[in-house]
Amino acid sequence: MKNKYKVLFVTTLSTVMAAIDSTIIYLALPFIGRDLHGSISELTWLLVSYIISSTIILIPGIKITARIGRRLSYIYGFLLFSLSSLGITVSPYIILSIILRFIEGLGAGILSITDIPVILDAFDDNKSTAIGINSISWGIGTIAGPLIGGYLSSIDWRLIFLINVPIGIIAIPFAYRYIPSVRSMENPDSYSIIAAAMMIPLIVGITFINKYFIISGIILIIPALIIYRRHPFISRKLLNLRIFLLGLSIFFEAFAFFAVIYILSLYFEADLGYNPIYASLLIIWYPVSSLIFNPVGGYISDYIKKPYLIMGIGALAESLPIIFIGRFMFYIPEMLFISGAGGSIYWPPSTTALADSYSDARTDASSLLFIIRNTSLLLSISLIPLFIFFYSGIDISLGDLFILNERLNIYNSVSYFLIFIGVVNMLSIIPLIILRKQNF
C-alpha cells in the first residue's frame, strides 16, 4: 500500500491514546472521589466500566465495521473517545462520569477492532514488524500514563482526560484521508448486540467476584450460543482447534501485564508508602522494556518464521522473573525489565498468528483477539482483592486501596499473587507445544 506508513501513524495514535487512558486514571482516583464525592464502589465502577464496555462492543463492532467500513469506524471510534473524554472534564457528578467513561470504552473498543486489520492490509510484507512498531506506542502510553497521571492530578484531575482531545483532533483528519474504506454489504444485525448484552452479567460478576452475576451470566450463555448458532457474529472459520489453542495461549499470557503493574503499584503506595511518582519510576521498567523489545520481537518473528517457538521463549522469559519477584521481592525493576522483554517477544507473533489467520476474516480475528485479552485482563485484576483478603486478612475493594491514608500490610498477598500470575503466564507454553507437535 502506498500510504502504509501514514496508516501506521494513525493506528499508532489510537493505540497510544488508549494506552495512556488505561493507566493514567489509577493515580487520579483519590482526587476524583474527593472532588465528585464518589463512594468506593463508584470509583471502582469508574475504573472498570471502560474495560467492560471496550470488551462488550467487540462483538457487535465486527458487524458494524464490516457494514460502514474501516474508515468511518475509525472516525466514529475517535469521536466517541474524544467527546466522552471532553465530557468527563466538565462532569459535575460521579454517575455521569461513569457513563461517559463507559462511552469512552466503546470508542476504544471500536478502534481496537480496526487497528490490526488495517495494519495487516497495509503491509504486504513485514507484518509482524509493523505490529511491533505499532506496539511501541502502547509501551509509550503505559510509561507516560502513570507519570502524567501523577503530575496532572496534583494540578487538576480533569486534565488527564482533556489530553485525549488534541490527539483525536489530529487523528480524525488523517483517518479520513488515509484509512481505506473496506466494507461489506452485510447489515449489522441486532442479534450480535443482544448476544453482547448477554455478556454483561458474566463480565460484571467476574470483575466484582459476585456469585449472583456469575450465575446469571452462565445461565445466559445457553441462549447466547443458540443466537450465535443461528446468527454467527464471528466467522465460523475461526472455530477450529488451531485458533482455540492460540487463544488459550494468549489468554494465559495476557494475565500478566496489567495485573503485575497494578499489584505492585498497590504494594509500593499502600504498603510501603511511596509517593506515586517514585512508585511509577520503579514500575515503568516493565513498559520501558516493551517499548524497546516490541520491534525486536516483530523482526525476529518475520525473520525466523517460527512463531510458536518465539512465543514460547517469550512466555518463559516473561513468567520466570515474575515468579522470582513474588518469591524474593527484590531486584524488582531489573526483573520487570526482563519480563517486559519476554512479553514483547511474545506479542507480535501471537497477534499476527491469530489476526492474520484468514485474510477475509481479519476483523473477526482481531475482535476475537481483543476479547480474549480483555477478558484475561478483567479476570486477573478481579482476583487481586481475593488474594488481599485471604493472605493479608483485609476485606477491601480495589478502590479502597487508592483512597485510604493508612498503611496496609499486603506483602504476603502481593508475593502469592505474583507467583500465581507467573505460573498462569507459564501455562501459555502448553498450547504452543501442542500446536508445534500437530504442525498447525
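Glycine too: its Cβ is placed from the backbone N, Cα and C atoms.
Taken from TrEMBL, the feature domain 'Major facilitator superfamily (MFS) profile' applies to 7-440.
According to TrEMBL, the feature transmembrane segment maps to 7-31 (among others).
Residues annotated as transmembrane segment in TrEMBL: 43-62 (among others).
Positions annotated as transmembrane segment by TrEMBL: 74-100 (among others). Residues 10, 14, 17-18, 21, 32-33, 36-39, 42-43, 45-46, 49, 68, 106-111, 114, 118, 158-159, 161-162, 164-165, 167-169, 171-172, 175-176, 179 of the same chain, all 6+ positions outside the transmembrane segment (74-100), place their C-beta atoms under 8 angstroms from a C-beta of that stretch.
The transmembrane segment annotation in TrEMBL covers 135-153 (among others). Residues 12-13, 15-28, 31, 159-160, 163, 261, 265, 276-277, 279-280, 283-284, 286-288, 290-292, 294-295, 298, 344, 347-348 of the same chain sit 6 or more residues outside the transmembrane segment (135-153) yet have a Cβ under 8 Å from a Cβ within it.
The transmembrane segment annotation in TrEMBL covers 159-179 (among others).
TrEMBL lists 191-208 (among others) with the feature transmembrane segment.
The transmembrane segment annotation in TrEMBL covers 243-265 (among others). Note on the transmembrane segment (243-265): residues 22-23, 26, 142, 146, 279-280, 282-283, 286-287, 311, 315, 318-319, 322, 332, 336, 339, 343, 346, 350, 353-354, 357, 365, 368-369, 372-373, 375-377, 379-381, 383-384, 414, 417-418, 421-422, 424-432, 434-435, 440 of its chain, located 6 or more positions outside it, place their CB under 8 angstroms from a CB of the stretch.
Tertiary neighbourhood of the transmembrane segment (277-296): same-chain residues 27, 129, 132-133, 135-136, 138-140, 142-143, 146-147, 150-151, 257, 260-261, 264-265, 268-269, 332-334, 336-341, 343-345, 347-348, selected by CB-CB distance under 8 Å and a gap of 6+ residues from either end. Annotation comment: TrEMBL describes 277-296 (among others) as transmembrane segment.
Long-range contacts of the transmembrane segment (308-330) within the same chain: residues 249, 252-253, 256, 260, 297, 300-301, 336, 338-347, 349-350, 353, 411, 414-423, 425-426, 428-429, 432-433, 435-436, each at least 6 residues beyond the stretch ends and with a Cβ under 8 Å from a Cβ of the stretch. The annotation transmembrane segment is assigned in TrEMBL to 308-330 (among others).
Residues 48, 51-52, 55, 203, 206-209, 250-252, 254-259, 262-263, 266, 401, 408-417, 420-421, 424 of the same chain, all 6+ positions outside the transmembrane segment (376-394), place their C-beta atoms under 8 angstroms from a C-beta of that stretch. For 376-394 (among others), the entry in TrEMBL reads transmembrane segment.
Annotation comment: TrEMBL describes 414-435 (among others) as transmembrane segment. Long-range Cβ contacts of the transmembrane segment (414-435) within its own chain (Cβ-Cβ under 8 Å, at least 6 residues beyond either end) map to 242, 245-246, 248-253, 255-256, 259-260, 263-264, 266-267, 271, 308, 311-312, 315-316, 318-323, 325-327, 329, 346, 380, 383-384, 387, 391.
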